[in-house]
Amino acid sequence: MDPAMPLQLWNLPLLLVGSVLGLTSVSAQGNNLEICLLPLDAGPCQALIPKFYYDRDQQKCRRFNYGGCLGNANNFHSRDLCQQTCGSIEKVPPVCRSELKTYPCDKPNIRFFFNLNTMTCEPLRPGLCSRTINVFSEEATCKGLCEPRKHIPSFCSSPKDEGLCSANVTRFYFNSRNKTCETFTYTGCGGNENNFYYLDACHRACVKGWKKPKRWKIGDFLPRFWKHLS
């Protein structure tokens, strides 16, 4: 390091790298779930840049100090941007978010756990057991408690996209955070499939799917669940 060069200039490349990483996380709209479930990673450098990340355990966006280099894509310039990218991820009960810890065993019976990365219930590999609460003796129990109730087309979760042109056309889109259809101004070209001519069409495609029976409550299966842990 040149002693004559101010410390701020040495930190400048770190700030630039941090900005690039932040932009990368924002542009990856197609992989929101993968990005948002990445663990907090402030990076190895020493800058203190205020950023936001999605906390998969608390299921909300939280502030952290980014070091300025490396890290991962779960790194947003603002809370609003974090919410736009990750806020529509389906919430699941705390029991389903518990980290899976396994150990070798010779029990032949199949058990199931909720994989937060895939948002599905999956069988434990043969020869593995677990005492964590995110393990269920029956697949139906796991699915009933943990798996998101999604009965709507995937495009209903797409963000509002006004398009690329300059027209001013009133359209409707499904706001996945509020679970309602709302108006927006469409510019006439580009955009995505979350774009409806009529409010009723948006409602039929995206709103009705959310009005299904509620997910099971933990009390519905707790005695049987604890029995299999003993």
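Note that Cβ sites are derived from N, Cα and C of the backbone, with glycine treated the same way.
Taken from Swiss-Prot, the feature disulfide bond applies to C36-C86, C45-C69, C61-C82, C96-C146, C105-C129, C121-C142, C156-C206, C165-C189, C181-C202. Taken from Swiss-Prot, the feature domain 'BPTI/Kunitz inhibitor 1' applies to 36-86. Annotated domain 'BPTI/Kunitz inhibitor 2' per Swiss-Prot: 96-146, in sequence order. Among the features that Swiss-Prot reports, domain 'BPTI/Kunitz inhibitor 3' is placed at 156-206. Per Swiss-Prot, N-linked glycosylation site is recorded for N168, N178. The signal peptide annotation in Swiss-Prot covers 1-22.
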Next item on the list: Within 10 Å of the Cβ of C96 (disulfide bond), how many other Cβ atoms can you find? Include all protein chains, please.
Entry: 23
Note to self: As a quick check of your reading of DSSP, tell me how many residues in the domain 'BPTI/Kunitz inhibitor 3' (156-206) are helical, how many are strand and how many are coil.
What the structure shows: 10 helix, 15 strand, 26 coil
Next item on the list: Give the three-state DSSP assignment (helix, strand or coil) for C105 (disulfide bond).
Entry: coil
Next item on the list: Please average pLDDT over the domain 'BPTI/Kunitz inhibitor 1' (36-86) for the predicted structure.
Entry: 92
Item checked: Proximal residue to C142 (disulfide bond) among recorded positions C82, C105, N178, C181 (C-alpha distance) -> C105
Check: Listing them in sequence order, which of the recorded positions C36, C96, C129, C156, N168, C189 have their Cα within 10 Å of that of C202 (disulfide bond)?
Finding: C156
Check: Which one, from the disulfide-bonded residues C36, C45, C189, C206, has the smallest tally of other C-beta atoms lying within 10 Å of its C-beta?
Finding: C189
Item checked: Spatial separation of N168 (N-linked glycosylation site) from C189 (disulfide bond) - C-alpha basis, Å -> 11
